[in-house]
Amino acid sequence: MTIEAAMGEEAIKENLEQFLIVLSVSLGVATLSQISSFFRQIPYTLLLVIVGLGLAFVDIRLVNLSPELILEIFLPPLLFEAAWNIRWRNLKKNLFPVVLLAIIGVVISVVGIGFSLNYFSGLSLPIALLVGAILAATDPVSVIALFRELGVGERLTVLMEGESLFNDGVAVVAFSLLVGIPLGTQEFSVTNTLIQFVTLQGIGIGCGGVIGFGISYLTQRFDLPLVEQSLTLVSAYGTYLITEELGGSGVIGVVTVGLILGNFGSRIGMNPRTRLLVSEFWEFIAFFVNSIVFLLIGDQINIRGLADNGQLILITIIALVIIRAISIYGLGTISNLITKQDISWQEETVLWWGGLRGSVSIALALSVPVMLDGRQDIIEAVFGVVLFTLLVQGLTMQTVIEKLGLIGDRAQRRTYSELIARRSALERVLAHLNAVPPSPSIRMKSLKTTKEASKGQLESRQTKKLRSYNNSYPQLRSLEQEQLRELTFKVEADTYAELIRAGKLNNNLSPLLQEVLAKPE
């Protein structure tokens, strides 16, 4: 064996060991946070950062990835999963405020944070603007989970999810346009920047659209869940790489293909079981990638450097909070003046305080070129902001929602659903008892007693509880109708999809059928 071959094998072995360490530690910590009642109170992402810091403190470095690889590995799955899960039908109703917050909001964040850091911390303007672009990307995953737990209104959830999805893409484009300025590889020009921005966006949307619709129609031709699941993974990474090669924004391409496959392809080309399989697959992928990213940021931090940059971190946090408030309340007012659906000041406050920073900002910070002076300052400033948003904003979010009176009726709806389920179960029990044939092993008296007991429980206890709930919470009366309506939409959409796959219905659907296929799950 040659020396080169031996060195190559040793490098592969070392990289594999590093990967297995990262895999074991990240999933181990994430799992611990779910099974322990004490750790369950702490966001698992925060636990991962703490473990990463601990490993860095004892000088155990987990893995060394090039900045380019960090973006190519971590961004596509995070963005695709977010785009796959957002429902276009809901997003379309709030598209204007979402786009306003995502595009103009990113510009305000980049300029506001950049000039604030330049003025108050002495950071050079190109580096400060780069920090602003990195921190323009919001990542409210834990806040959205809290929304669903507390029953916060659907519109507020869509606004926050939609803003996060689109501003991630815009922030990454802004980052790619600004990162060359401090390196001296490009000069800033408003005209050239706008042209480049439109070009990146256009190529990204075009590539994502072609690949998304192509895979959507391809999956109509077969019913192989694992192949369809694999195609979504290939589409996420493939779209990113192809779009980047063509000179566009891979991030915008991934967001586009995710929206198309999640809202169109999953309807016309996948049966319900496959859709569930793919959704669960991407839920795991996002969980896994988030785990690794938050572990790596802790691993990359220099403890002494973090303490030395305390003033820079504090200035960055203050600038971020103030600029975010200006952006949300200002753009919210503009949106209210133009659209008919007002965003209340309570909702604006939640959007402001819930704009956490997370995986995308961390991935961008870690992807800053190594040769750039001030790279470590950027990483530590971003880490400080992410830590603040997780610890302070994330942990106080429930209190803010409660004080603003935005908690919905989720708990009552859950109890009401359980009562309906109990009633259905008792009805099935009665139907089964009525169908029991005479048998020597079953005493008729016992059977009759059991029937009467079940019937009495159904007619008195369950009926009284449901009536009481209906009187106490009138808004719950439509719950059964909502569930039935959603069920009929699912059955109807699945029937059309089956007919299309069987060749009994034309691919070119009428607007009516397209609307049915676009109904949310």
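Placed from the backbone N, Cα and C atoms, the Cβ positions cover glycine too.
Checked against Swiss-Prot, the domain name for GLY122 differs from that for ARG304, so they face opposite sides of the membrane.
According to DSSP, the topological domain 'Cytoplasmic' (267-276) comprises 7 helix, 0 strand, 3 coil. At the 8 Å Cβ cutoff, the transmembrane segment (246-266) and the transmembrane segment (165-185) share at least 3 close pairs (sequence separation 6 or more) and count as touching. Only pairs six or more apart in sequence are counted, and the transmembrane segment (127-147) with the transmembrane segment (350-370) gives three or more Cβ pairs under 8 Å, enough to call it a contact.
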